[in-house]
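Database features, via TrEMBL:
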type     : residues : note
COMPBIAS : 1-17     : compositional bias 'Polar residues'
COMPBIAS : 30-43    : compositional bias 'Polar residues'
DOMAIN   : 34-104   : domain 'Amino acid permease N-terminal'
DOMAIN   : 122-627  : domain 'Amino acid permease/ SLC12A'
DOMAIN   : 786-1012 : domain 'SLC12A transporter C-terminal'
REGION   : 1-44     : region 'Disordered'
REGION   : 76-115   : region 'Disordered'
TRANSMEM : 117-138  : transmembrane segment
TRANSMEM : 150-176  : transmembrane segment
TRANSMEM : 196-220  : transmembrane segment
TRANSMEM : 241-260  : transmembrane segment
TRANSMEM : 266-287  : transmembrane segment
TRANSMEM : 321-339  : transmembrane segment
TRANSMEM : 359-379  : transmembrane segment
TRANSMEM : 430-452  : transmembrane segment
TRANSMEM : 487-504  : transmembrane segment
TRANSMEM : 516-533  : transmembrane segment
TRANSMEM : 553-586  : transmembrane segment
Amino acid sequence: MNLSTARSPFSVSSLSNGDDRKFSLGGCSSYDTDSVASRSTGVFSGYDTLDTPPSYDFYTNTEIFGRAKKSRPSLFQLHSNPQDDPSPPPLYEEQSVDKQSPDEDEPTEPPPEPARFGWAQGVMIRCMLNIWGVILYLRLPWITAQAGIGLTWIIILLSSSITGITGLSTSAIATNGKVKGGGTYFLISRSLGPELGGSIGLIFAFANAVAVAMHTVGFAETVQALMQESDVSMVDKLNDIRIIGVITVTCLLAISMAGMEWESKAQVLFFFVIMVSFASYIVGTIIPATPEKQAKGFFSYRAEIFAENFVPGWRGPEGSFFGMFSIFFPSATGILAGANISGDLKDPNIAIPRGTMLAIFWTTISYLIISATIGSCVLRDASGYINDNVSSSSGECLGLGCSYGWNFTECMTNKTCPYGLSNNYQTMSLVSAFAPLISAGIFGATLSSALACLVSAPKVFQCLCKDQLYPCIGFFGKGYGKNNEPLRSYLLAYIIAICFILIAELNTIAPIISNFFLCSYALINFSCFHASITNSPGWRPTFRFYSKWLSLLGAVVSVIIMFLLTWWAALIAIGIVIFLLGYVLYKKPDVNWGSSMQASSYNMALSQCVGLNQVEDHIKNYRPQCLVLSGPPCMRPSLVDFISTFTKNQSLMICADVITGGPSPGTVDSAKISTHLKWLDKRRIKSFYHTIVADDLHAGVKMLLQSTGLGRMRPNVLVMGFKKNWRKAQPNNIENYIGILHDAFDLQYGVCVLRMKEGLDISRTMQAHVNLGFETSTEQALDTRSSTTTTSPTIDTSMDPEELMATSQPTTVFQTRQGKKTIDVYWLSDDGGLTLLVPYLLTRKKRWGRCKVRLFVGGEAQQVEDKKQELKALISRFRLGFQDIQVLPDINAKPQSEHIKRFEDLIAPYRVNSVRKDGQEADETTKDFSWMVSDEEMETFRAKSLRQIRLNEVIQDYSRDAALIIVTMPVGRRGACPSSLYMAWLEIVSRDLRPPVLLVRGNQENVLTMYCQ
């Protein structure tokens, strides 16, 4: 490629090498379809880069060893003119690591690849081994005797239906994006969010740790039974089980901590042993029974035995359908064993669905076969004595054994039969062709299940610890070795398992974990349903064989079964979930996983906003919905706190900031709202934050006034701070400030202007975030004696947003209780009632609840009482509860001469004394200065100016100790009243007042009504 070829705009030049894959465009670098960008020379700049083809690197968060991760060029790089930016971004290109001269700090070889497993070894075998636990060998024959073959099949199929539906839901969730380590917790938390995910993750990890104890106790029971047959005992039956259990779980811990490779090899060995034991059992059911086996109740396949065992034969306190279901169900709960090691799978998106569903299918078939075969071969009761045959006994013969030549009447009558399905947990060993193989199968099934649970619990808990949703558990999240093994979590699971092993009673441990697993299954199914029902575009599982309604059914059935099994345990499980859920909701962890709860919140908000379109406005439902020109909220906390006081949980509040300047990466970064929303959230202020980029403040606010809001959720009151430094500002800034007020009135907004003695802006320096149009205090020190002082140090806006967020939040007067002070309202002009509504809303809040509202109105001296009674009747009809009403007869009196002189001095710099503003003599340079005040205009507005001066005198007399002063804002006509004169009115009304002053003007439409309809 000839890089020296002259380039002209939009010219296409052919290439000498004839390669039709490469071409060049005038003004751009050559584009190579085999690479992302050229690396040839320094001729190109960042703006010469063409649009890049799609790349895997653009969408992944992982790094590839040996080369730098490619990044997509930004829109600004592609779109903007290089002359507009003095420091253009660097050339976008793909860079490879130079292996000739590696960096000393960088590793020269890729890190060792951890062991990864496929769908068969990693999921299917693991799930099957976990499902084929202790219940299969030691309790399934007993359950068959209790419930009968028919109900046992129903129990098996019901359990498999729940686990099958859960497997489908798990498969859908697991294929909706890349799955990392954490198993069930990861799936639920990333689907439903940290609130439910965290609670169920903690419960599921604990349930798996308890399941280790259940399977280990099953193993210990088998060993103890073999020892008993050989007349060997260490202490007694119960303590022998405890001792064997502790030794066994210690050995399993050693295998687990050795690494996943060793654990996986052990699982394959266990799987082979179980297959051999199954074969031995099936062969044993076909072989004719010996007299010894017949004495113990085994007669091979007999139709009569099948018929008798098909119906229930309940015995003991556990003899009920749900009693049997609660004992059997944990044997079906191993379906998540593969998902729980999702971080150790080669391709979890394929392995989890395929392995889980196949494991459920094959284990269900095996359970049904074993239940039917053993129920067709073995009686419920047998004595085990070779001499208990019909010929050797006298008297009546009871039971089906009589027809086969055996009389078990005595032990059946006394209920002391040691053998038979109802009495002997080791019946499968009796039936098997070679009994030791069944013992080996029991060892394999129990140990493999215990090992799987011992691995699952720490893996799930490790992921939970890393997310830091709960305090004091991060210690257990540390990983070791190439597989990032959670050794500390292994030790914690080991301790929990030992505590439950000491119970040493299988039937007691099994129901404990049933509710925890059912709770997990309910939430997995609900996660799938919820993700589907929200119709989020991000819900795109590649596994299509699921139904949201089937998932909902699975969730509901799981909860129902929880209560049918053990209602008090279900309440405890749900109570723990709710407690943990409440904790996470309160702490609000800083995580964002794109959960379906977020999608649901959006759907509900959208639906409600659209529904508001059908709701007509009514005075009774009027709410002051405030657009607050706060700039960055952290710069004017007093303004934000005050408005939040009466809008929180009641009406709309939007903090707005105008970023002045043209579009650029700097202004885009300044307009980012996440930092300011975090500040508002930390301050517990319920507000939106909206930024806009405009050429100047006036134009930006005008856009805000017209475009802010959604449907009926639109602001109707503009709130801004008083421009305290207006006399030192440029005249065009005054023009912009007053122009904002005029725009608000033109657009039918109410207006509120807040002034505080020490100012609102707490920043020391004006930075890009702080707009010149807003008030900036020129005072470096605040009056610490004032009750309205901001008590924290000032915030320097030169700090970046992250440092700004780290600064302690300032405390303002509006965050404290006001006590028994007064709110003085000067309702001098009727604006529709907004001047009265604001103080009423304030007194409904605790901070202002003890304040007394005093209402001041103007009136004639001769009609003071009449005016007072008239206002009392009006306030009474408005139901505002204001009792203290005072009529000011001297409000229209002439102010003191020194105060008039001070006002004239205030406006003097803006006077035009020598010429008429609109006359023929006007100088061309001053004709267009609308902010200048002529003598004629001073005379025209003299009465109104004197009224503002007099009002300040009255306020000084009556309201020195008020908590807040609310005054009806004067209105100046657009085009008639100069902006500097209007600004002087606002200044003189609120000048030299210690309490905060709020100037209020409604849009002259009623916001209060005395009617009920």
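Keep in mind that glycine also has a Cβ here, set from the backbone N, Cα and C atoms.
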> Any residues 6+ beyond the ends of the transmembrane segment (359-379) with a Cβ under 8 Å from its own?
Replying inline: 123-125, 127-128, 131-132, 136, 140-141, 143-145, 148-149, 152-153, 156-157, 160, 163-164, 167, 278, 281-282, 285, 297-303, 305-306, 308-310, 331-332, 334-335, 338, 399-401, 408, 420-421, 427-428, 430-431
> Any chance the transmembrane segment (487-504) and the transmembrane segment (241-260) have 3 or more Cβ pairs under 8 A, given the pairs are 6 or more apart in sequence?
Replying inline: yes
>> Using a cut-off of under 8 Å between C-beta atoms, tell me which stretch among 150-176, 241-260, 266-287, 553-586 contacts the transmembrane segment (516-533) the most.
In response: 553-586
> Which range out of 150-176, 241-260, 266-287, 430-452 gives the transmembrane segment (553-586) the most CB pairs under 8 Å?
Replying inline: 150-176
>> At a C-beta cut-off of under 8 Å, are there same-chain residues at least 6 beyond the transmembrane segment (117-138) that contact it? List them, or none.
In response: 214-215, 217-219, 221-222, 260, 264, 267-268, 270-271, 274, 327-328, 330-339, 341, 344-347, 350-352, 354-356, 358-360, 362-363, 366-367, 370, 425-426, 428, 438, 441-442, 444-446, 448-449, 452-453, 506, 510
> Do any residues of this chain, six or more beyond the ends of the transmembrane segment (241-260), have a C-beta under 8 angstroms from a C-beta of it, and if so which?
Replying inline: 114-115, 117, 212-213, 216-217, 219-221, 223-224, 234-235, 266, 341, 344, 447, 450-451, 454-455, 458, 481, 483, 485, 487, 490-491, 494, 497-498, 501-502, 504
> Short question: which residues 6 or more past the ends of the transmembrane segment (196-220) have a Cβ under 8 Å from it?
Replying inline: 133-135, 137-138, 182, 184-185, 188-190, 240-242, 244-245, 248-249, 252, 330, 333, 336, 340, 442-443, 446-447, 449-450, 453-454, 456-458, 460-461, 463-464, 467, 469-470, 492-493, 496-501, 503-506, 509-510, 512-513, 516-517, 519-520, 523, 527, 573, 576-581, 584, 595, 597
>> I need to check the long-range neighbours of the transmembrane segment (266-287): which residues 6 or more away from its ends have a CB within less than 8 Å of a CB in the stretch?
In response: 121, 125-126, 128-129, 132, 255, 300-301, 366, 370, 373-374, 376-377, 428, 431-434, 437-438, 440-445, 447-448, 451-452
> Average pLDDT across the domain 'SLC12A transporter C-terminal' (786-1012)?
Replying inline: 81
